[in-house]
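Undergrad: Let me begin by handing over the structure; questions about it come next.
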Amino acid sequence: MNSLQNINIRPLGVGRLFFRISRQNKLINTCTFSTLQTLRNNDQRESLSRLKVNRTRSNANKNINKLNGNLDVPRWKLGGIIGLLGIAIYGFSKYTKNKLEFDKEVSSNIEYGQKAKLGGAFDLLDQDGKTFTDKDLLGKFSIIYFGFTHCPDICPDQLDKLGVWLHNLKVERKLKEKTGFDIQPIFITCDPDRDSPEVIKKYLNDFDKDIIGLTGTYEQIKQVCKQYRVFFATPEKDSLKTNDQKDYLVDHSAFFYLMDPEGDFVDVLGMAYDEKNGAERIEEHCKYYIPNSKREVKRQKWYGFLFNN
């Protein structure tokens, strides 16, 4: 008994035992709380992430709806806009096509005139007795007609038609304002023996005041008619001496020759052209005129094939 009594037994106090149990529970609770907190944070991050995406999509949808609201055009208006756009594209393409075709035709006429040597140098007198040469053709479009003052029908009719063209181009179509070019009308006689400057001046008083009348010697007229491929035939001079009245007719071609501001032949207008389409044809030449230098530059470009014949 004494030996047992001598043994020093240190019993674990209740408070100390409770402290250890509490400490272990605290660690467990701490671990559990930390784990739960982490899971909760993850859940919150995921939900916030989803919320952010959803808000972005929501804003995008609002913007799209707002944009759709701005583009909410009635169908009839939209159809009208598309129709006007189609008409504009068609009109531009048609204009471009017509211009290219016209340019090719003019180029062909110029080349024909150069190959045939249509036109050329001349030196004549106008109705006022002043010198008029081929240099006076430069800088403006000229339309030349060959006839004679004693012509009973064709020449007066053609000169009347020329007067209508000139009035149409200058007054109604305002050619000078639109294109910068004037039209110079010229009447060259095929009957120089009877058509002196004074006779031509009196004759032209019945027609457009801007028409310039030209005459010269028989050889000069013969040469200029040859240059323009104009056929004419007059009686022999010996027969004229025995005919005091000189009552005869002159056979001649009845064409209008259109020359550009560089003095090149660009078109011929025959009897088929009336008072309307003749003026339209002349206006087209003035509107689409391209100087030879620029025309040659275009031919050197990659799209030059469009201007080839």
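Placed from the backbone N, Cα and C atoms, the Cβ positions cover glycine too.
For reference, TrEMBL lists these features for the protein:
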BINDING   Cys151, Cys155, His252  Cu cation binding site
DISULFID  Cys151-Cys155  disulfide bond
Undergrad: Long-range same-chain neighbours of Cys155 (Cu cation binding site), Cβ under 8 Å, sequence gap at least 6?
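TA: Listed in sequence order: Gly147, Phe148, Thr149, Ala254.
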Undergrad: Around the Cu cation site formed by Cys151, Cys155, His252, list the extra residues of the same chain whose Cβ is within 8 Å of the site's Cβ centroid.
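TA: For the Cu cation site the neighbour list reads Phe146, Gly147, Phe148, Ile154, Gln158, Cys190, Val250, Ala254.
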Undergrad: Where does His252 (Cu cation binding site) sit by DSSP, helix, strand or coil?
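TA: Once the DSSP labels are grouped into three classes, His252 (Cu cation binding site) ends up as strand.
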Undergrad: Taking the Cβ of His252 (Cu cation binding site) as the centre, count every other Cβ atom within 10 Å, in any protein chain shown.
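TA: For His252 (Cu cation binding site), the 10 Å Cβ neighbour count is 21.
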